[in-house]
């Protein structure tokens, strides 16, 4: 008589030619979920760990930015360095923009490989097959690459933020930071609640109008810069600040919903960057509002 059948886990691992648990950075993600299933369709433990990774990365980004800004506010030598090397500020702006776009638009390796015809992925020898599977340079194929690019983006943003916050007094900056924290916590908890799941049905149309609002803000800023509008006017700054505060609060709400319901489990770095941008822009808008309110008083 034959012995009892092997356990399901052992049999599955032999069928797929790999152990049941992996040692890589995404070990908690089963292979069938990792590449083709959005987060909302995964098991609860996977959703929880994905949320933990996103907010851990986001917390590190915000802590690094806050620490650098605080260092700049208390260190006279760092203030002198920042003020005497304005060119470095513009370099950091360019680096931040490039790394942000790269993280945002870089295709997933699985999407790129899926677009390659099947005959090209099989060869007569192992070495040609490996050559054919080689991804383009702009595809971030490993977690380490994504994390490195996110670190470069965060450090560049932190340097730019330090120069901006030096232009305001400490009380105004702290007030803006407190208000931003309250708004972010409130919006995030609201967006993650089940009662607002139906908002996703109209997320595409909402994003359309949000993007229009963003382009209006960009147009206002460029017009003021090129044609000499009085950007120091309290009315202009208040209008610009309130428009930005409303716009990026809506962005934060929609992005939080989309991130935990419409993305894949291996996109935590991109998600953290999106939330970080929403929070930073919201903070800058609130800072502008408070600064001009103080000037009027």
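Using N, Cα and C of the backbone, Cβ positions are placed for all residues, glycine too.
Both residue 193 and residue 267 are recorded by Swiss-Prot within identically named topological domains, on the same side of the membrane. Looking at 114-134, 240-260, the range annotated in Swiss-Prot as transmembrane segment turns out to be 240-260. Sequence-distant contacts of the transmembrane segment (209-229) (same chain, six or more residues past either end, CB-CB distance under 8 Å): 236, 240, 243-244, 247, 250-251, 254. Within its own chain, the transmembrane segment (240-260) has Cβ neighbours under 8 Å at 39-40, 47, 50-51, 54, 183-184, 187-188, 190-192, 196-197, 199-200, 203, 206-207, 210, 213-214, 216-217, 220-221, 271, 274-275, 278-279, 281-282, 284-289, 292, counting only residues six or more beyond its boundaries. Put simply, of 54-74, 86-106, 271-291, the stretch with the most CB pairs closer than 8 A to the transmembrane segment (172-192) is 271-291.
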